[in-house]
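Report on the following structure.
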Amino acid sequence: MSGTRKTVTGARALKTRVKKKRGLKNSSRRWLERHLNDPYVHRAQAEGMRSRAAYKLSEIDDKHKLLKPGLRVIDLGAAPGGWCQVAAERVGSDPEKPSVVGIDYLEMDPVPGAVILQMDFLDDEAPQRLMEALGGEPDLVISDMAAPTTGHRRTDHIRTMHLCETAADFAISVLREGGHFLAKTFQGGAENSLLDQLKKNFKSVHHVKPQASRSESVELYLLAKGFKGRPDDGNAYEADDSS
Ligand SMILES: C[S@@+](CC[C@H](N)C(=O)[O-])C[C@H]1O[C@@H](n2cnc3c(N)ncnc32)[C@H](O)[C@@H]1O
C-alpha cells in the first residue's frame, strides 16, 4: 500500500512502505520506513549534502546569522560532515587554508575547506590539537555530538549531556570575544549549572529546535550568543594566530 507525503519543497511524493516479511524487527522496519520517506534525506541526497543534519545548522544559521565570511569554526562530532559542509561554504573557507576544523572519532571523507581530526574529543590532547589545526581563536564552536545509544535512555541522556558540558567548557576557554556556541542537548536535559555557566559567559542563551530536527525527537540545541570574553583575555591553549 502507498500513500503520499509532502517533500521539503512542498511537492507530493509516493510514500514508501517496507514490507513486514523482510525479516526486520518492527522497530528497524519503522526506522527504515521513516528514513526512506524523510524529505530531508531526499534533499540531502539531491543536493550532495553528507547528512540531513546539515539542514539543522542551515536553518539555525538562517535565523540567527552565526556564520559569516571569514569566520573560524570548530565543529565537534563532525562525521559524516554535513555541518562542516555548511560551515565551510558559509564562511567561505579556503581549501588551501581552511578556517573550519572538525573532529570525530569516526573516519570520514574529506570536506573541502575543512581540516578533519579523527580523534575522541574527550581525549586530553584534543583541545590543543583543534587549536593548532585552526591556527587562532574560533568565532564559533558548534557541537552536534551525541553519545552512541546503549538502549538505556537515562544512560544515553547522561553521556550526551556530559559531551555538551565538556563542549561548553572548551568553548569558554577558546572562543574569541563576541563568538558563539551551539550544541546539541535534550529537552529538559540541560542542567541548571550548565545554563548558569552559559548565561554568565554569554550575552544571551536560547533553546532552538530547527524544523529539520524531528518533532518526536527529544533533541534540542542550546545556542549561546555573544561570548563576553575571559577576564585576562587569555586562551587556555596556545595557537599561532599569525598563520
Ligand atoms: C549526529 S552525528 C553528527 C552529524 C554531523 N553534524 C553532520 O552534519 O554530519 C554525532 C557525531 O558525534 C560523534 N561523537 C560522539 N562522541 C564523540 C566524541 N567523544 N568525540 C568525537 N566525536 C564524537 C559521533 O561519532 C557522531 O559522528
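Cβ atoms are placed via backbone N, Cα and C, with glycine included.
Note that TrEMBL annotation is computational and uncurated.
The annotation in TrEMBL ties Gly81, Trp83, Asp104, Asp144 to S-adenosyl-L-methionine, and of the candidates under consideration, Asp120, Asp123, Asp156, the one tied to the same site is Asp120. Calculated from their C-alpha atoms, the gap between Lys184 (active site, proton acceptor) and Asp120 (S-adenosyl-L-methionine binding site) amounts to 17 Å.
Candidate binding-site residues: Asp120, Asp144. Fewest other C-beta atoms within 10 angstroms, Asp120.
Across all of the domain 'Ribosomal RNA methyltransferase FtsJ' (50-227), the predicted model scores a mean pLDDT of 95.
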